[in-house]
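Visitor: Checked TrEMBL, it gives:
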| type | residues | note |
| --- | --- | --- |
| COMPBIAS | 362-377 | compositional bias 'Pro residues' |
| REGION | 358-377 | region 'Disordered' |
| TRANSMEM | 15-39 | transmembrane segment |
| TRANSMEM | 46-63 | transmembrane segment |
| TRANSMEM | 69-91 | transmembrane segment |
| TRANSMEM | 103-124 | transmembrane segment |
| TRANSMEM | 130-148 | transmembrane segment |
| TRANSMEM | 181-198 | transmembrane segment |
| TRANSMEM | 218-241 | transmembrane segment |
| TRANSMEM | 248-267 | transmembrane segment |
| TRANSMEM | 273-294 | transmembrane segment |
| TRANSMEM | 306-329 | transmembrane segment |
| TRANSMEM | 335-356 | transmembrane segment |
Amino acid sequence: MVDDVAADLALSPAAVGLLTGLPVLCFALASPAASALVARLGVERVVSLALLTVALGTVLRSTGGATTAFAGTALIGLAITAGNIAVPVVVRRDFRARADVVTGMYTAAMNFGSVLATALTLPVAEAVGWRWALALWVVLVPLAWVPWRAATRGRTAPVELAPVGADADAAGRRGVLARPITWFLTVMFAGQSFAYYGTTAWLPKILHDSVHLDAGAAGVGAALFQGFAIAGALGVPAVLARGWSMRAAFAVIAAGWLALPLGLLLAPQWWAVWIAAAGVAQGGNFTVVFTTVVRRAGTVADARRTSATVQTVGYGVAALGPSVIGAVHASTDDWTVPLVVLLGAVVALTVAGLVATGTPRTQPPRTEPPRTGPEPA
């Protein structure tokens with residue numbers, strides 16, 4: 001479908017790359033602003049505003065020319081960024097005791113949406129054109145907005161007032177940045193994001209060149225990578241409920257991630273096994289990262305600040321994944337070195353993750369003075 005969009009909008013290959021990568025750039029660049037917005041307006045208003053913005057962006061990118069396509073895609077990216085920051089805040093505030101379960105459900109829902117979009121968008125585009133295929137997804141917005149409004153109606157979310165709120169937030173942000181756990185989680189998520197987006201972009205091509213799969217079979221491989229993530233997202237809370245430690249769960253996840261580049265290098269004929277293992281791992285690791293963010297945050301505001309830091313750096317690194325893997329492949333005309341680069345990212349997330357998921361020696365510190373009343377976001 002990308003070829004149809006490019007032809008219809010007269011986009012160059014570079015412009016197509018920018019259009020498809022724009023949401024990830026928004027995730028990286030807009031996370032600090034989204035964090036400040038959540039602090040100012042509260043998660044109830046921000047999530048509602050984000051959903052309405054997704055609807056506007058979905059319609060906008062499906063109409064007009066290249067300018068509206070970029071504008072609509074940017075709006076969607078900014079809205080999702082706000083949602084990405086808001087979710088850990090809601091989990092920390094309302095579901096801290098069951099953070100793993102709620103985060104796992106959230107991660108599974110995202111991966112299910114990705115699988116659904118992958119499965120349905122192309123057939124719809126072939127039937128009615130790419131514009132309708134993209135615009136039709138706007139019907140999901142009210143399905144999310146109505147229950148969200150029902151669940152949060154009447155809730156009084158505190159609003160941080162400037163300049164006092166700005167000073168407090170700056171002090172709290174410095175406290176979060178001074179904590180080693182913040183940076184271990186950041187490296188953990190950056191490695192995951194680089195590996196995920198690099199794999200998503202190039203896995204079909206790797207399978208075609210290395211295992212000689214046709215386009216259909218390579219597409220099945222990519223679908224396996226997304227689909228098995230649902231099992232990983234839900235599997236983490238399941239094993240934690242059985243008494244596993246977070247570090248033990250992460251060790252299995254790390255092994256699954258490591259299996260993909262190592263397996264494709266050493267035994268590519270078993271590609272389905274390596275892809276399934278990495279699919280489970282990428283869904284499970286997302287759950288581990290943001291469950292750990294929630295559990296190690298001293299306050300709701302700390303969860304927001306830590307999440308913003310992790311996502312700003314992580315998605316910034318993620319934006320490099322497809323281009324770095326592609327550039328290395330172009331320079332070597334082989335997939336060995338790109339897979340070694342991918343392996344390096346996975347090793348980084350493994351080392352950082354083993355530290356981040358260890359048992360904390362002390363309770364997480366508050367990075368701001370104690371407050372009376374409900375904790376602000």
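Along the chain as shown, residues are numbered 1 onward.
Including glycine, each Cβ sits where the backbone N, Cα and C put it.
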Visitor: So, taking each listed stretch (46-63, 130-148, 181-198, 248-267, 273-294) in turn and counting its Cβ pairs to the transmembrane segment (335-356) that are under 8 angstroms, which one gives the highest count?
Guide: 181-198
Visitor: Which sequence positions outside the transmembrane segment (46-63), separated from its termini by at least 6 residues, show Cβ-Cβ distances below 8 Å to it?
Guide: 34, 37-38, 69-76, 78-80, 82-83, 86, 90, 131-132, 134-135, 137-138, 141, 144-145, 148-149, 152
Visitor: May I ask for the residues of the chain that lie six or more residues beyond the transmembrane segment (181-198) and have a Cβ under 8 Å from a Cβ within it?
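Guide: Distant contacts of the transmembrane segment (181-198): 24, 257, 260, 282, 285-286, 289, 292-293, 296, 306, 309-311, 313-322, 324-325, 338, 341-342, 345-353, 355-356, 360, 364.
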Visitor: For the transmembrane segment (306-329) and the transmembrane segment (69-91), decide whether they are in contact, meaning at least 3 CB pairs lie under 8 A, counting pairs 6 or more apart in sequence.
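Guide: Taking Cβ pairs at least 6 residues apart, the transmembrane segment (69-91) and the transmembrane segment (306-329) are in contact, with 3 or more under 8 Å.
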Visitor: For the transmembrane segment (218-241), could you work out the same-chain residues 6 or more beyond its ends whose Cβ comes under 8 Å from its Cβ atoms?
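Guide: Distal contacts: 100-101, 103-105, 107-108, 111-112, 114-115, 118-119, 199-200, 203-205, 207-208, 248-249, 252-253, 256, 271-272, 275-288, 291.
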Visitor: Six or more residues out from either end of the transmembrane segment (130-148), which same-chain residues have a Cβ under 8 Å from its Cβ atoms?
Guide: 1, 4-5, 8, 47-48, 51-52, 54-55, 58-59, 61-63, 117, 121-122, 124
Visitor: Residue list, the transmembrane segment (103-124) vs rest of chain: Cβ under 8 Å, 6 or more residues beyond ends.
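Guide: Same-chain contacts beyond the flanks: 1, 87-88, 91, 132-134, 136-137, 222-223, 226-227, 229-230, 233-237, 283, 286-287, 290-291, 294.
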